[in-house]
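Annotated features, as they stand in Swiss-Prot:
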{"type": "SIGNAL", "residues": "1-20", "note": "signal peptide"}
{"type": "DISULFID", "residues": "161-211", "note": "disulfide bond"}
{"type": "ACT_SITE", "residues": "164", "note": "active site"}
{"type": "DISULFID", "residues": "195-245", "note": "disulfide bond"}
{"type": "CARBOHYD", "residues": "258", "note": "N-linked glycosylation site"}
{"type": "DISULFID", "residues": "301-356", "note": "disulfide bond"}
{"type": "ACT_SITE", "residues": "307", "note": "active site"}
{"type": "ACT_SITE", "residues": "334", "note": "active site"}
């Protein structure tokens, strides 16, 4: 069935390209017109005016300015290309909503370089990595959300720094610390950016390196060796690296007791999420540049991960693509600010196919209570 639907969508994409004169009114999201249904591959004067209008709205909403007219014109061309890309993404991911985001003036290459930072190349688990025990799954709830339990801090923003790995690791440790102490504390990502240079000795180019990328398990290993993490307010995030480490052991508020890798079985992922708190995971972010909301369940998605995020929950019936029965989904906290996605969150379908590689690199961490001296 999925293959039939996929080929139907490919045909629809080609047909849409041939019906360039068809214009459907846009959708409105938080007062901002989503023009994805007004964009066609070939521009006429009216469509060009629409693109210029939406580019003006885009610049206003996201406070975008460009140093020169040449740069402005280049970004407008990129913006138009991303409108067409969002329209194609909508056809191939119909249960989500795709359109204009804060990244709509970036090429895919620029987007990956500036906002994705997972060091995934050649990834394999170290031989001494602890594996999470198999948990019972017969009594799993159909829906669960750690936000409702008070275990998740507000959405943060990594800025133009490839430090997603640090936000993923910190989010998991914030949740683990909450489970251990019943206290929700915002911890310091900047401590990891500045101070964590942990490496997997079995792999070249596997060291955590601030805005140039890292791995969540390396970050947990660093936290174990360093003794713990400081509060965000004591070591605030700047989104810059190559600065001196300002770690103060006297201000540690959360420490790692252990961490482990979770099985790629989705029931085991759900069981570990419910029992051990939010999980640090990796995902392929190719569909996230144009994502606005809904449940993303694309018919094609690479399983090569390039982005670290935080798994905080799951739902039972979030979408019904092509009139099929409603399907379950995962709830993911991202680190691109609350203006992206569903107030900073991403929903992606659950199932046996390792959607966008999200089942491959999943870690759980446990915390111990540490009082400031």
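Backbone N, Cα and C define each Cβ position, glycine as well.
Locations of recorded Swiss-Prot features on the structure.
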residue : record                      : Cβ neighbours (10 Å)
161     : disulfide bond              : 23
164     : active site                 : 28
195     : disulfide bond              : 21
211     : disulfide bond              : 19
245     : disulfide bond              : 14
258     : N-linked glycosylation site : 13
301     : disulfide bond              : 22
307     : active site                 : 29
334     : active site                 : 29
356     : disulfide bond              : 27
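Secondary structure at residue 195 (disulfide bond), as computed by DSSP, is helix. The active-site residues listed here (164, 307, 334) include 164 as those with a Cα within 10 A of the Cα of residue 211 (disulfide bond). The residue listed as 'N-linked glycosylation site' is 23 Å away from residue 307 (active site) when you measure Cα to Cα.
Looking only at Cα atoms, residue 334 (active site) sits nearest to 356 among the recorded positions 245, 258, 301, 356.
For residue 245 (disulfide bond), the nearest neighbour among the listed recorded positions (164, 258, 356), judged by C-alpha distance, is 164. For residue 356 (disulfide bond), the nearest neighbour among the listed recorded positions (164, 195, 258), judged by C-alpha distance, is 164. Straight-line distance linking the Cα atoms of residue 301 (disulfide bond) and residue 161 (disulfide bond), rounded to a whole number, equals 24 Å.
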